[in-house]
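All remarks here apply to the structure that follows.
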Amino acid sequence: MPKREDIRKIMVIGSGPIVIGQAAEFDYSGSQACKALREEGYEVVLVNSNPATIMTDPEMADRVYIEPLDAEIVAKIIERETPDALLPTLGGQTALNLAVQLTEMGVLDKYGVELIGAKFEAIKKAEDRELFKEAMRKIGLDVPKSDVAHDVSEALAIADEIGYPVVVRPAFTLGGTGGGIAYNREELREIAERGIKMSMINQVLIEEGVLGWKEFELEVMRDLADNVVIICSIENFDPMGVHTGDSITVAPAQTLTDVEYQYLRDAAIKIIREIGVETGGSNIQFAVHPENGRVVAIEMNPRVSRSSALASKATGFPIAKIAAKLAVGYTLDEIPNDITKETPASFEPTIDYVVVKIPRFAFDKFPTANQVLGSQMKSVGEVMAVGRTFEEALQKAIRSLEIGRYGLGCDGKDKEVTMEEIRERLRYPNASRVFYIRYALQKGMSVNEIYELTKIDPWFIDKIKNLVEFEEQLKQIAERMSIEEVPKEILKKAKELGYSDRQLAVIFNTTEREVRRVRKGKGLRVVYKMVDTCAAEFEAKTPYYYSTYEDENEALRSERKKVMILGAGPNRIGQGIEFDYCCVHAVFSLKDEGYETIMVNCNPETVSTDYDTSDRLYFEPITHEDVMNIYENEQPEGVIVQFGGQTPLNIARELEDSGARILGTSVDSIDIAEDRERFAELLERLNIPQPENGIAHSLEEAKEIARKIGFPVLVRPSYVLGGRAMEIVYDEETLERYITEALEVSPEKPILIDKFLEDAIEVEVDALCDGEEVVIGGIMEHIEEAGVHSGDSACVLPPVSLDEVTINTIVDYTRKLALALNVVGLINIQYAVKDGKVYVLEANPRASRTVPFVSKATGIPLAKIAAKLMMGKKLRELGVKEKLKLKHVAVKEAVFPFIKLPGVDPVLGPEMKSTGEVMGIDYDFGLAYYKAELAAGMKLPLKGTVFISVRRKDKNDRLLYLARKFKELGFRIIATDGTRDFLVQNGIEADLILKISQGRPNILDAIVNGQVDLIINTPSGKRGRTEGYMIRRAAVDYGVAHITTLAGAMAAVRAIEAVKSRKMVVKSIQEYHEES
């Protein structure tokens, strides 16, 4: 059936900020869908609150609304736009839940908007645990024994009947939020209470724990004519009990017999029909009992998901794009396969390689989080690798993670471990379990014993055993001969099993460079194979490659002039989707200039790894060895390392030493900015102030510096991204503890000590430079005071409290620095303003995480311009104009993962903790800030009770101003004794509430009972389980708005005041840009 002509305007809802469980994959699916719908001539209206996405670019839809994904605000947009249809299946759980709310509020009926892609009933049937269970019974499929509970006593009764352990799964939540595994009544009481609270309909499923069963997923698509295709099967390396987002996964499934696969395939087709997903993709999860083969259906997502992004990248089948076309009435046999151009989408993809996905965790940022993996997702990103064998793909994936490993061990990072530790690490799922399987095999543990401890299928353990045995063989050879003397076939086998040159260098006690030289001398070169959806039965038209060691190279060089762009690797805290955004913009911009673009990246969630973003895509780890192999195969004009965050910069020097040409700002200039001593010299020469500082190599040196410049000081290791291991230190005792710890982690790296400017205002600038001229992209004022990491602070553009003189000084310093560093492309500079004086904190001559936000707020596409400058264009000829004055105000706010990480203190500091960001835009700071907070999931109350408890140094005039404002706005104030005395002495009425240590009912009881609407609690700086910690943690767990800095509270009170007195404006980003 051809496309529908009765609908003209379609609204697409994005997934909002990046959180654990919902990451860049939805930018990828949303962008693909917008492109597909516009290709078909539909008018597209997009709503999403995340400015760091490609989908919110003004070019992606006819009208883009960067507004909170809040039902009332989306209802206003629907009223303004009156779309014919709403497509909610591409924005993750967020969009699905919004579609359900809008339907139930009657908004869709009122404006005659039809849900396409998935009907309301189908969403309900798949997401409501009770309805899903009934549907499975109806079609004769087995499900785990389970029952639905709406309160804790019901949950306990059900579990008693089923027997422990049980899995708790809340309805309508994402990434297992609020869920968990309970082994006894106490644990169940806690998990069920949390789960019921977090579920949109206050419902949890208590399910028989099918722990240790094998877990499989099928990616399925269906059209209106009831054609169903299976795109891909995915097998979880980790058994049931670990959330699939936290499991290592493998595609296609490796350990199913043909009969079992056919059974799952038939079951999946029955399920998608019964649930009634008329069009588009669904992800269906099964558990299979390892001994008796009993199969149970676990759950289904009636939408594009994290797994569908993986399935798309693994097979080359563009699920999101095709889902969008199916939603408007096409059938699968009418849509051509984009990669081959001659087969229709109704051909099921076949693959002749193995794909391995490994999650990336952020436990280094959250040392107090529980690191055992369970049914609630904890990873923040993932990598994918492709190889001809499981062993090769596994080692490449480990190398892609950027956790300092170059494969499965023998890379100079192995630890001495006891059998005791090994058993512990095998029994409890954790991020490094795969390394411990290797240790266990090396110590002689049998495959069967490892299986008993881990329930990981013996097939996988056998493959790891192959690596262990081969490594042993290599080590024996290395005792007898040098790498030069090793027979070629042994080296070839090592490369076929995925060993990196770095690993071989460790085994043969030589350097990576030497291994590379010998390998090439023996004629061992990598070849590239194509991902073409059809095992090479048809010719692929859009090339997408992976490396392996075979004979025939399928990536033949073209004659065009070409540029290579290095991506950002896996998402993690400190380096997220913002950098992918910059890479994609660079690709678009260079295509305009007539270059062939070559993208190198290993993150399956992103737009940069979409088969039709760049001209050629290499799905490879971003390491010196892998990048140089591609460079030699393609021989481009040069490589761009400015856009992928720290990842490409870490290998830039090595690439240059190996003969690659780095485009844009030179490696040496980057080094000046990163190297504290060289940078300080430069600032002195330019006569630009910076905070007093020193560099310590030992504890004694550190104490001496601190005495000289005076506490408080900011201490940190050199060369970091996202402020790893930074701390503000107020006394010598804390300094001693910090330095000792830091020297243990990296003894050879010096430690930087800066005078910490308390209460300074931080300001951040993104600018463009072509070596001769500088154009300021945007000046942002941070809302949180200095000491909160710039990635975690909210910021506002244009600045609201800086005077002309300060702004002119900042502009002047920015120009001087960019020219002195010979920047070609982008530079980001961070300043602190204190008592009217401007200090430079740091400069990064690369794309920063604020580039997308600034581009969205001003309408100047910074990354696109920067890419042209690197290719030799000048700002003058491109006609780029500064827009420092805007009619509107944009606020960027950070989004945090605390809800998914119990035990972590939700307090802001110099170490970055946020996973994503949102933007609020309006004509007034208060309204823009309110929208940003709402978009980040914090709905500021307009009435009710405010609890205030602050540390000693915050008991000042600002606090009094704040409290008076809250009183004027009609709030009741409650406070603990110290803060209350201070308020009352200054004539502000406040009621006393007990501290936790003073008895009951205390502040915790009030939070749990829902008697507090807003919490303002500034931390005392002590570590550990303080009362403040317990209050802040309760705020997160019970969903109460909470603020941990006075500056944040000042902004919040302005926002509340603004919303009570003025109306919020709802306008598309295109309209804002036209006005400025």
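Just so you know, glycine gets a Cβ as well, placed from its N, Cα and C.
Feature annotations, courtesy of Swiss-Prot:
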- Arg129, Arg169, Gly175, Gly176, Glu208, Val210, Glu215, Gly241, Val242, His243, Gln285, Glu299: ATP 1 binding site (BINDING)
- 133-328: domain 'ATP-grasp 1' (DOMAIN)
- Gln285, Glu299: Mg(2+) 1 binding site (BINDING)
- Gln285, Glu299: Mn(2+) 1 binding site (BINDING)
- Glu299, Asn301: Mn(2+) 2 binding site (BINDING)
- Glu299, Asn301: Mg(2+) 2 binding site (BINDING)
- 680-871: domain 'ATP-grasp 2' (DOMAIN)
- Arg716, Lys755, Leu757, Glu762, Gly787, Val788, His789, Ser790, Gln830, Glu842: ATP 2 binding site (BINDING)
- Gln830, Glu842: Mg(2+) 3 binding site (BINDING)
- Gln830, Glu842: Mn(2+) 3 binding site (BINDING)
- Glu842, Asn844: Mg(2+) 4 binding site (BINDING)
- Glu842, Asn844: Mn(2+) 4 binding site (BINDING)
- 938-1076: domain 'MGS-like' (DOMAIN)
- 940-1076: region 'Allosteric domain' (REGION)
Looking only at Arg716, Lys755, Leu757, Glu762, Gly787, Val788, His789, Ser790, Gln830, Glu842, which the record lists for ATP 2, tell me the maximum pairwise CA distance in angstrom.
18
Of Glu299, His789, Glu842, Asn844, i.e. the binding-site residues, those within 10 Å of Arg129 (ATP 1 binding site) when Cα atoms are compared:
Glu299
Taking Cα-Cα distance, which of the binding-site residues Glu208, Glu299, Asn301, Gln830 are within 10 Å of Asn844 (Mg(2+) 4 binding site)?
Gln830
Taking the Cα atoms as reference points, how far is Glu842 (Mg(2+) 3 binding site) from Glu208 (ATP 1 binding site) in Å?
54
Binding-site residues (Glu215, Glu299), the one with most neighbouring Cβ atoms at 10 Å:
Glu215
List the Cα distance (Å, whole number) between Glu215 (ATP 1 binding site) and Arg716 (ATP 2 binding site).
43
What's the most sparsely packed of the binding-site residues Asn301, Gln830, counting other C-beta atoms within 10 A?
Gln830
Measuring Cα to Cα, how far is Val242 (ATP 1 binding site) from Asn301 (Mn(2+) 2 binding site) in Å?
17
Between the Cα atoms of Glu299 (Mg(2+) 1 binding site) and Arg716 (ATP 2 binding site), what distance do you get, rounded to the nearest Å?
45
Specify the count of other C-beta atoms within 10 Å of the C-beta of Val242 (ATP 1 binding site).
25
Which one is closest to His789 (ATP 2 binding site) in space, judged by CA to CA distance, out of the binding-site residues Glu208, Gln285, Asn301?
Asn301
Ten-angstrom check, please: count other Cβ atoms within 10 Å of the Cβ of Glu842 (Mg(2+) 3 binding site), all chains counted.
15
